[in-house]
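What follows is a set of notes on a single structure, which appears directly below.
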């Protein structure tokens, strides 16, 4: 999860109010001052922070609140709402449609990670069932075509470019025409970048845009520039019809919050954020789930979406049926470990689970957790079918554990540790017994069927306490809206 430190500081500021006997003006000001410092240190502009602080004070009028109101919860809701408002440009971006050719043109300054982002964007849509293709119209930077070619080949995405042609407009037009004939429904044009905003860059962008008539122009921006993103985004918007922004390198800079809020202030929707060098370190940016994860509240619908990507559609009904029965076997644990490893970076996956802030997984711990999962799977590979399909850990006597340890090259104590993890997960799984399963076995509908009662059973006690108990859980679910919006958090709430 990006901006983990910022999210941790805001969350701690809210939690400190739990230690206060009476929440008065002084307690509220201390909380808001800490949040203000955290936002300013993340390079969010002072006017935006000041406006947010003022709005929260207007919403949370402590003198007007009747006795019996949960002031901490009302303050938390106001903070959530204002953070969403700060990051939301209030304008949706163009979304490509399958089986209909869409041309998307990428623009940006050199060094922002534009070419890599083009491939990530193509790869993301390829996983969603699109037929993407890449066109290299960057004739300015030496090695640009080689880089795009290498990335595209690795991701198994068709590409077009030239080592001899120097006219970017000609390459762009030929590439787009070629892929339209091949029935590609998402044609991505990578254009030249520059070291600074100069007239020749903007003129070339205008010419390529005029010739290819893109459905969407995406501006790629480096997050390290912080609130300076406002001027940069405005400059590009005035030169070409920028319809969306992708912010890169969000994993390595403290100024990401400033960049996000600055771009939102230009009314340009941020559609993705780059969180690392790898192909799957690329997240859809959706304001409510993002803020929810930032504050350690999770993003249940995002988790279900990722799970859907790795669980074949024909296997989803069977998995949901097992979930409703509450019968957890080692084979199910093995399959779910495999799914988790396929879902992308563990830090990102865990931040989608309510009550888990990204700060809870320190840097370097992700690899350790991944290695542990793989060790457990190696041990399970040494089990018999009967052992894997048993839901009774008592079948694992000393001789069986020694056999599994020898077969997997591990210690007996490690086998015992793996079985303890199994018992812990089995306990959580059993609490899902009786969950209403969608008739068509669609996992996305699972979110709508989960109410606060189910979620409170699944969450570990310390996480539930962090959210504010049962009342806090219900309140947070309501914050995300009702109906479709409810999926942005935990799924359907109590009616």
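Cβ atoms are placed via backbone N, Cα and C, with glycine included.
Taken from Swiss-Prot, the feature GTP binding site applies to 108-115, 190-194, 248-251, supported by similarity to another entry. DSSP classifies residue 111 (GTP binding site) as coil under the three-state reduction.
Here Swiss-Prot flags 1-295 as region 'G-domain'.
Under the heading region 'M-domain', Swiss-Prot lists 296-495.
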Quiz prompt | Fewest other Cβ within 10 angstroms of its own Cβ, chosen from the binding-site residues 108, 111 | solution = 111
Self-check item: Lowest local Cβ density (other Cβ within 10 Å) among binding-site residues: 114, 191, 250
Solution: 250
Exercise. Summarise the model confidence on the region 'G-domain' (1-295) as a single mean pLDDT, whole number.
Key: 86
